[in-house]
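Notes follow once the structure below has been shown.
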Amino acid sequence: MASIAAPGLALSVHRSHRRLTPATATTTTAASVPSLTIKSKHPTFPSSLNPKPSSSSPRNNFDILGSKKLQNVIKTTAVIGCGLYALSNGVSNAQLSGNGGGGSSGGSGGGGGGGGGGGGRDSFWSKIFSPAAIAGEEESQEWDSHGLPANIVVQLNKLSGFKKYKVSDIMFLDRRRGSTVGTEDSFFEMVSLRPNGVYTKAQLTKELETLATSGMFEKVDLDAKTNPDGTVGVTISFLESTWQSADRFRCINVGLMPQSKPIEMDPDMTEKEKLEYYRSQEKDYRRRIERSRPCLLPPPVQREILQMLREQGAVSARLLQKIRDRVQQWYHENGYACAQVVNFGNLNTKEVVCEVVEGDITQMVVQFQDKLGNVCEGNTQYPVVRRELPRQLRQGQVFNIEAGKQALRNINSLALFSNIEVNPRPDEKNEGGIIVEIKLKELEQKSAEVSTEWSIVPGRGGRPTLASIQPGGTVSFEHRNLKGLNRSILGSVTTSNFLNPQDDLAFKLEYVHPYLDGVYNSRNRTLKASCFNSRKLSPVFTGGPGVDEVPPIWVDRAGLKANITENFTRQSKFTYGLVMEEITTRDESSHISSRGQRVLPSGGISADGPPTTLSETGIDRMAFLQANITRDNTKFINGTIVGERNVFQVDQGLGIGSKFPFFNRHQLTMTRFVQLKQVEEGVGKAPPPVLVLHGHYGGCVGDLPSYDAFTLGGPYSVRGYNMGEIGAARNILELAAELRIPVRNTHVYAFAEHGNDLGSSKDVKGNPTEVYRRMGHGSSYGVGVKLGLVRAEYAVDHNSGTGAIFFRFGERF
Amino acid sequence: MASQLIREWAGIQQFPAATQSKLLELLGKLKQENVCTLTILVMGKGGVGKSSTVNSIIGERAVAVSAFQSETPRPVMVSRSRAGFTLNIIDTPGLVEGGYVNDQALDLIKKFLLNKTIDVLLYVDRLDAYRVDNLDKQIVKAITESFGKEIWRRGIVVLSHAQLSPPDGLTYDEFTSRRSEALLKIVRMGARIRKQEIQAAAIPVVLVENSGRCNKNESDEKILPSGTAWIPNLVQTITDVVLSGSKGILVDQKLIEGPNPNNRGKVLIPFILAFQYFFVVKRIQKWIKYDIANESSPSWA
């Protein structure tokens, strides 16, 4: 019977840029405001027909909102407020578009509220949207004088139907207490009339009817008192409904259940028939309770309400209103945005039954939209979206706004859609049901991009000049969402000189194939195959303290890689695959060099340093298996990371390649972020102090070319040293501890680190550690402060005993 | 160089008769033990008198000697034969350059010695240097690392410039014993000879004086201030060391390059991999499962 009007709450994400440029992409969420108005269409009975509740059958059920009725009538006007939602994942813009009211389901028997009435009913809602709520009633500022002598009390039906009355003030008169009620009273919120509003007689009559049928009052009247200036003062006098005291409380979910239909009571019924009628009603209600599902309301809240009932004694309309507010408050605080109390039944029976429509999801619809917002057929396959949806959003569950947000985040992380909306909509066919609509706008499948750059350097006279006329830049293309299964091919080529690209061509071609076990399988494995190259400066060929420049060695790698990643959780994963690569070592002038160079004590340079490759030719080819397992249960507590991270990686040579490399190169990293103090979680609360303990062991058995040796020293190894300044070894151990103390909205930290080659430097061919006069072990300590993304730290290197200030990007651990 | 013609040991005739007879007696003793060739490696810092010692033993100016500069840029082997007995002495360049051990020189020596057997190592230092420092230790260490610890069982510490007046308050014997003790300590440290092994592998110390102004005794033998004729003494010590029962050091490719660290433990790799899979990967997977089970789900879930 209840009709749910007004658009529901909508969550949406808008992606304004393509995935290729994530740095500049903005994600906006427009969370439009949920406003569900449930209105009933029950016929109203003339009050004279209704016996006084307290004197009627003690086992009757009374609807608080339709008092003085014998039927179980559901009639509530509840507006659900869901406030403002902003997604945590990079939402820059949240919109709130209110749509209060609109539930003008003018009841046949006059039970329906006025058009704009719905909007102003709920206190919470009306506070936010009071302008919108009143707007409908103040369409015209013109009003008519009452044309009556001043200071006389006029009954509502005596007012003229053709005049627009201006209401100067509204007074509530509690007849039982004999006093007026303040504006803070919960009853006051039920009235949509506002002082200085202009109303016709019809509107006022409707208002009175609404109040009379709300069930809160046994009797309610509306009088107008004429003022000398032509306006009228409205006095609403009422008698609050009360029932027997109750000592039990029960909350049931009546969503999706047909509302009990009142059987017309024949006014000519005999006493016996009446008794029969009551009994059948009672039976119906009991059956209804039995059929209903248990509700989500937790026992503590239920006990709290029971306490309220016991303290109060008699059950009054105000109390029921309070209970309703408390119950709804719990639901809304816990994200059940569509839940509402629709009825209180079983009154006068020592038990109060609170009927809640929790917002059961009857259907979940995924809809694709084209650029203009028209519904279209999407390229993405439905199961791809479906597997991202939390179970709580499936059919049969109770709609929860948090689950909606989670769905939004999950779908957003697919990076397939430019706009995502999760929108609960009332189910027209299924009373109290919610249809979750997910509207998706797909991103362009193919994209290509060319970016060029010219280097500008200061020229003669300080004027900027082009370093050269050769153009450099990146050409990239991407083909996303192949077959609608989120498979993609991505390629890019970067060079600093397109005219002569063989100098420093960097390329990457990658194919990503998610849902390896089938899109319906919950196992989340992704296959990735790529073809890559890279160029890095080898930290193995670095001098120790006090050693002059060591001629650098560049390590170029090019090859193929195929791996499978299995995600266990968002952060924990297991990757395994095959790598085939060619490693070329070059000197400064890009010539292939098979041995490192060293500076002789006499100042000369000799090219008989440690061998750079296993084959001793400067070019190695090898194939090996690579596996990496990461366990990461870190989480953020007030912006500070806490938890544990363990990574184990092993490269297993297969004996395929130059000199048949057979090796087992392994490393284990253990990092713990120990929370030193329990803190309250919440926005703006101080983060806890954290102790970070970190250990890293690396080792290799078998063939170890120098480019695969473990190096010690550097911002991610032992701070305070240069990359590789401590040594290059076969087995290494690094230990670090850092204490982070929050200060304002950042933190300061102190750290101590140590790196040791475990005497294994000599086990690297050519002993690069000794050749370049490095210690093989070293410690450092220091202090630092985090300034946004930048870490500024002062670190003292223990080998030379000198300190220096460093600025680093990103985190050490 | 190994193919160079082995010349007759003519220089032996220049020694005084007493020395000659002594040397021949010792050579005979070696031949009795079936030792027909003797290869002596002479090593030490630059300018300590390695080449001079070689010349003194041979009895002729076989290698160039200069007082002020290194005349030995690369190792030189001097071979002399006498009555079916061949004596090879390898003179080497100084091992120190610029305050560090000269790896390059050491590499040269190693390559030169490839496929040769070293019977005796003469580690030469000066007697009149008063102190020992870390550099000495580094040199000993470098030698040990190159040829293995075993070489010190065939090692003799030779202290040159033995004809000196000891500093005030010390007798010559006291001074030499203290100097040699200090040097031996360093050698033991550099060679990582443990205390228990000292007795078994005592490294003999021999004093030499290569100068032409060296005092001589009545039979015209060069003698030390203590009165010992040093050449027969040196050869005597060499003979003793050779006959002490230990084996000569064969320098082969493996010794030069050291044990190939890339080959060490290769056989174990399958076992290591299995261990990693069952005890590390599985363990971490278990932790992840534990994490998933303990994940605090949001209130609505």
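Note: Cβ is positioned from N, Cα and C throughout, glycine not excepted.
TrEMBL: automatically predicted annotations, no manual curation.
Listed features, source TrEMBL:
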- B:47-52, B:66-71, B:His161, B:209-210: GTP binding site (BINDING)
- B:Ser51, B:Gln69: Mg(2+) binding site (BINDING)
- B:35-259: domain 'AIG1-type G' (DOMAIN)
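Annotated features, which come from TrEMBL, shown on the structure.
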{"residue": "B:Gly49", "record": "GTP binding site", "contacts (Cβ under 8 Å, 6+ apart)": "B:Val124, B:Arg126, B:Ser160, B:His161, B:Val208, B:Asn210"}
{"residue": "B:Ser66", "record": "GTP binding site", "contacts (Cβ under 8 Å, 6+ apart)": "none"}
{"residue": "B:Phe68", "record": "GTP binding site", "contacts (Cβ under 8 Å, 6+ apart)": "none"}
Cβ neighbour count within 10 Å, max among the binding-site residues B:Ser51, B:Asn210, goes to B:Ser51
How does the model score the domain 'AIG1-type G' (B:35-259) in terms of mean pLDDT? 83
Could you tell me which three-state DSSP class B:Ser51 (GTP binding site) falls into? helix
Neighbour tally for B:His161 (GTP binding site), based on other Cβ positions within 10 Å of its Cβ: 18
